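Structure first, then comments.
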Amino acid sequence: MEGGGGGGQELSTDNVKGIVLALLSSGFIGASFIIKKKGLRRAAVASGIRAGVGGYSYLLEPLWWVGMITMIVGEVANFVAYAFAPAVLVTPLGALSIIVSAVLAHFILNERLHALGVLGCVMCIAGSVVIVIHAPQEQEITSVREIWNMAIQPAFLLYVASVIVVVFVLVFHFSPLYGQSNVLIYTAICSLMGSLSVMSVKALGTSLKLTFEGTNQLVYPETWFFMLVVATCVLTQMNYLNKALDTFNTAIVSPIYYVMFTTLTILASVIMFKDWSGQSLGSITSEICGLIVVLSGTILLHVTKDYERIPQSRSIYAPLSPSLTTRLNGDLLKHVEDGRNSDEEKALRRQEMY
């Protein structure tokens, strides 16, 4: 791995490719939320049956399909980005999709972006720039078996075992008891599985990249094993993310999930791929500070959006209420949501994140 005191200040060609793909991914995914939401609105007006109450008329709406295709393109770009750049660099840049969505919603959907929202956008951009400047160089890999050797090192096996144990405890013990009342249960499951899925996506993406370059990796069973892990983790992740979005307010789920997912993914990548090996302490500290700024900006964007939807007469439920536990209570969130939104608005808001 290239590194040293420079801490990745001179970006490699692969890092540049990864950054460009991550930025394109954020643009497409951010725009897809807005396009899909407009498609849902058109379908609801045309058919009189909303998607949130069992309607499927949006499947006949061309604009909704444009949004889906846009999202798929963004996800593919994100997948390929992991084959070129370390997860420490690619994952935090996903926050830029929130900025794209917020800005487009301001101009297209008339969802106002106020001062705190603008501050959140600026923080996300500033933090991302710091991360890019100090990002580590991607390790040169010539075979999927090299990745396999990284995956079976004791430190990463301990991380995987810990994740599996925690997920099983959450799924079989805490989920039936507290899943409907505590947003942390479902989001923790998603985030933990997500960290493993990103490691597998990176391994699979690198294998396909080497295959397209002329070194066939499909002959190795490790490639197919990583593909199986990707499918298992992604399906589990999607299942519990849908549960979280269906049970709790999106403005609560999104920032908590993003913070947990990003933090755990970077931790997993640092353990498995040793992204910080060879970097100076100053560069590592700068990356961590940049990540904290991005996470803080993301939370600010979502909390601001949630706060602005709450009427002043219901200020007792504002995000600045004294207890975080109160805000995370599912029954209270659903009560507030029912009191301040029409059924159509709720259906559209829940659909915009699918």
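Each residue, glycine too, has its Cβ placed from N, Cα and C.
All TrEMBL annotations are machine predictions without curation.
Annotation comment: TrEMBL describes 16-35 (among others) as transmembrane segment.
The transmembrane segment feature in TrEMBL is assigned to 56-73 (among others).
The feature transmembrane segment is assigned by TrEMBL to 79-109 (among others). With a threshold of 8 Å between CB atoms, the same-chain residues lying at least 6 positions outside the transmembrane segment (79-109) that come near it are 14-15, 17-19, 21-23, 25-27, 29-31, 33-34, 37-38, 117, 120-121, 124-125, 127-128, 131-132, 135-136, 138-139, 198-199, 201-202, 205-206, 208-209, 254, 258, 261-262, 265-266, 268-270, 273, 275-276, 287, 290-291, 294-295, 297-298, 301-302, 305.
Long-range contacts of the transmembrane segment (116-135) within its own chain (CB-CB distance under 8 A, at least 6 residues past either end) are made by residues 7-9, 11, 15, 19, 85-86, 88-89, 92-93, 95-96, 98-99, 102-103, 279, 283-284, 286-287, 289-301, 304-305. Summarising the annotation, TrEMBL assigns transmembrane segment to 116-135 (among others).
Proximity of distant same-chain residues to the transmembrane segment (147-171), defined by a Cβ-Cβ separation under 8 Å and at least 6 residues beyond the stretch ends, is recorded for 141, 185, 188-189, 192-193, 195-196, 199, 202-203, 206-207, 222, 226, 236, 267-268, 271-274. Per TrEMBL, the feature transmembrane segment maps to 147-171 (among others).
Positions annotated as transmembrane segment by TrEMBL: 183-204 (among others).
Per TrEMBL, transmembrane segment is recorded for 224-241 (among others). Counting only same-chain residues 6+ beyond the ends of the transmembrane segment (224-241), those with a CB under 8 A from a CB of the stretch are 144, 147, 167, 186-187, 189-190, 193-194, 196-197, 200-201, 203-204, 207, 218, 253, 257.
The transmembrane segment annotation in TrEMBL covers 248-272 (among others).
Per TrEMBL, the feature transmembrane segment maps to 284-304 (among others). Long-range contacts of the transmembrane segment (284-304) within its own chain (CB-CB distance under 8 A, at least 6 residues past either end) are made by residues 7, 88, 92, 95, 98-99, 102, 114, 116-117, 119-124, 126-131, 133-135, 251-252, 254-255, 258-259, 262-263, 266, 276, 319.
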